[in-house]
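Residues annotated as transmembrane segment in TrEMBL: 32-50, 62-81, 87-106, 118-135, 172-193.
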Amino acid sequence: MSEWWTYRPSDFLMFSAGSYARLLERFQRDVWPLQLVLLGLGLVLLLALVRRPAPSARAGAWVLAGVWAWVGWGFYLARFAPINTAAPALAAACFLQAVLMAALAFATPRAGVPRHRAVGVLLAAAGLLAWPLLAPLTGRSLAQAEVFGLSPEPTALFTLGWLLAAPLRHRAWAAVIPLLVLGVGGLMLWLLYGPP
């Protein structure tokens, strides 16, 4: 171990970029057409935030609770665990986020429109529509793209945007896990594919 200084962070990844891309592609194929359902669900949540934010906020929190539980089980435990020993801990974080989102559904709606609503809607739209387009930028096909509701990073970005735009009290504490997921996932993608 005398050459420990020669290690790079990418040396600690337990899988290659090709393995990860194939995992995503198989996952997408196995759950088809769930991607379309989740895209439609995300669009409904976005439209509801723009048109009727207060009445839709509680229902949106319930929907996102279910989405986070699915990402924890469907992606981390069922797919990612065989190639990453940290996957069970990441799944536990998703399950905790699902509980936090469900608790947020009981929060009292705030009067008025949140100051950062426009930024929130843009972030949520980026997680829903723009994140999948990162796949071609990293040399992967759209069949290997991370999408909202199936993969953690676009789900986390959508959730952060939704939390900024939703007129609910006590929503800041529900942003911690999505921020961590984006940090961990962003680092992993950067190590796999390099900067875009």
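Every residue, even glycine, has its Cβ placed from backbone N, Cα and C.
Same-chain residues lying 6 or more positions outside the transmembrane segment (87-106) and placing a CB less than 8 Å from one of its CB atoms are 58-59, 61-62, 64-66, 68-69, 71-73, 76-77, 80-81, 152, 159, 168, 170-171, 173-174, 177-178, 180-181, 184. Contact between the transmembrane segment (32-50) and the transmembrane segment (172-193) is not supported, since fewer than 3 Cβ pairs fall under 8 Å when only residues 6 or more apart in sequence are counted. Remote same-chain partners of the transmembrane segment (62-81), defined as residues 6 or more beyond its termini with a Cβ less than 8 Å from a stretch Cβ, comprise 23, 26-27, 31, 38, 41, 45, 87-88, 90-95, 97-99, 101-102, 105, 148-152, 155, 159, 162.
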